[in-house]
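Read the structure below first, then the notes.
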Amino acid sequence: MSSGAADLRQRKKQSCTGSDKMAPEEANKENSKPGRSPKYVAMQRFAKLFFGCLAAVTSGMMYAVYLSTYHERKFWFSSRQELEREITFQGDSAIYYSFYKELLKAPSFERGVYELTHNNKTISLKTINAVQQMTLYPELIASVLYQASGSEEVIEPVYFYIGIVFGLQGIYVTALFVTSWVMSGTWLAGMLTVFIINRTDTTRIDYSIPSRENWALPYFACQVAALTGYLKKTLNCSAEKFCYLLVSASTYTFMMMWEYSHYLLFVQAVSLFLLDSFALAQTEKVHEVYKIYLFSLFLGYLLQFENSALLVSPLLSLVAALMLSKCLQMNMKKGTLVSRLLKIMYIYLVLTITVTLNFLLKMLVPHKENQHLLKFIEVKLGLNTTKNFTMNWLLCQESLQAPSQDFFLRLTQSSLLPFYILVLIICLFSVTQVIFRRICGEPLKETVKLEDGRIGERPEIVYHVIHTVLLGCLAMCLEGMKYLWTPYVCMLAAFGVCSPELWMTLFKWLRLKAVHPILLALILSMAVPTIIGFSLWKEFFPRIMTELSELQEFYDPDTVELMTWIKRQAPVAAVFAGSPQLMGVIKLCTGWMVSSLPLYNDDDLLKRNENIYQIYSKRSAEDIYKILTSYKANFLVIEDSICNEVGPVRGCRVKDLLDVANGHVVCEEGDSYAYSKHGRFCHEIKMNYSPYVNYFTRVYWNRSYFVYKINTVISFQS
């Protein structure tokens, strides 16, 4: 073990010069093969790189065009008026796009940014820093690009905005292509990765184009691709520097684009920690990535208006603990039995320091981290129960529930899940063998050859195996996490079936003698992906073409009429109250001030949302009037779809959750008992009798919405 550790330390200390020396030696070995001149080898490499890059870029562009075409067919986007286009942005997506519009309307970019950082025209009685609270850096960049490029005379703002998002999705797919290519050594794996990507389970861009993850995840995919190359053992100095710079830039950009990015980077840091703990990667490289995390957190903290959430993030605590334990780790790789014991102690030490640091930081640093996330995890894991409306409403959201059977059925029908499980099992067993050899004192090989059948000794492969397992565990708990997990399932499955090393690893275990294993591995690495590609092409290509040829009518005349009435009849200084999702659309389409927004990272907004949702509860007219006037609301919008909601899960309807939270429904021994002195407000107000008419006056209604003016002077009438 000691000789293996010394060999590993010596390998870690190799400089870029050493790496450069290795590259010519390998090239000389290739050139020494009979019938191959240096020019021939160089041309062959250039052709492979050129056509691979061309295929990667083409795949990304085709995917972006596909998403754009599907979006056009789904919403008839180009044939709609501006108001009808904006209605397609729902919930929080509407809020993000509304701030993009405000930036373009501002007299100057500086003035627009100032108005966003001191925003008092969106939520009544509340001044917010919208750039920090809603992570509006994508909108800042989009507005700058739109104005600086002179696109005002060429393209409408909405097309420029969604065009950038679709372009980023193309970069996302290109990054997955490159990652699979780097891992397998053939760009056939990249082609297969793109081909088996299922839009339904890999992106939510269908109905929420401006959402933060649609802006952020492409940068994370670029970071993962660069990290995959950076972890490779045989990498020349220039390529290593390029990968390092790309990892640094993409990590920081990803952190700036999404408020929850540091949680995903924490999962990645855990993967690297486990990779380094078992001495399966060069420690110096792993610690360089840790430094990138620290730099990104520090710079993000400064440029995000001293965002304290980054200081109390688990990522900072873990990286700090790892850096503090670095000296101890270097000293423990001596001896045999002692090193094993110290290895266990090291992992325990890092975890202990991480938890302690995070606890101390939360005690010392004033922060507004989402406390409801911790409560949500407790309730989700069954460690606690609650009657809180907001918590139960979050638990009822589809994205926060366990994945449905349809999800696994779709992955199985596309052959993705079976091949992913096969690849994962082979890689896990190979990694287990490598760890066992390390414990027994056998050093890792400097270069792993095809005939060795040791795919588990490649650090970039081990990293992806650990990463996809951790993301998979999260996806099994929360369906929304499938959008993070499924793309990497596609990439890992495509890499596996196209990798001769993986097949060779399997054949080594099976001890094939009838057929030469290397030849069979090379044949299968070409034949299996080809068969999969053709079968999927035959089955799914007609569906895609039918999907793109069908014109799906999306039209919501009731919402259009409501927005038109508000713009024509409501006073400019009016404040509207209603469900947060509808308020986001009202803010975007009309510009009027609202009393709440569909945002869940602020305790005050969460409390506002719960209070205003009381319009669908069994509360008195006086109670509702007091709530609405406390937020200076002038108009109330009742949605018939919520008031008369008939959901598939009865206990998850808004009115049911409110009844439980307010104590209007009591559950004893499996039976429910309803009790309230008042009828449901949203029903009773439509009857137009006292005391409701004393507080509210109906001014507009259609099939879906009822708008009431909140009386400033209460006239009591019988």
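Glycine is no exception: its Cβ is also placed from the backbone N, Cα and C atoms.
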Annotated stretch (transmembrane segment, per TrEMBL) among the listed ranges 178-197, 518-537: 518-537
Cβ pairs under 8 Å between the transmembrane segment (345-365) and the transmembrane segment (301-324), at least three: yes
Other parts of the chain folded back onto the transmembrane segment (263-281), taken as Cβ under 8 Å at six or more residues beyond its ends: 5, 8, 220, 224, 227, 231, 251, 254-255, 289-290, 293, 313-315, 318-319, 322, 333, 343, 346-347, 350, 431, 434-435, 438, 444, 457, 459, 462-463, 466-467, 470-471, 474, 484
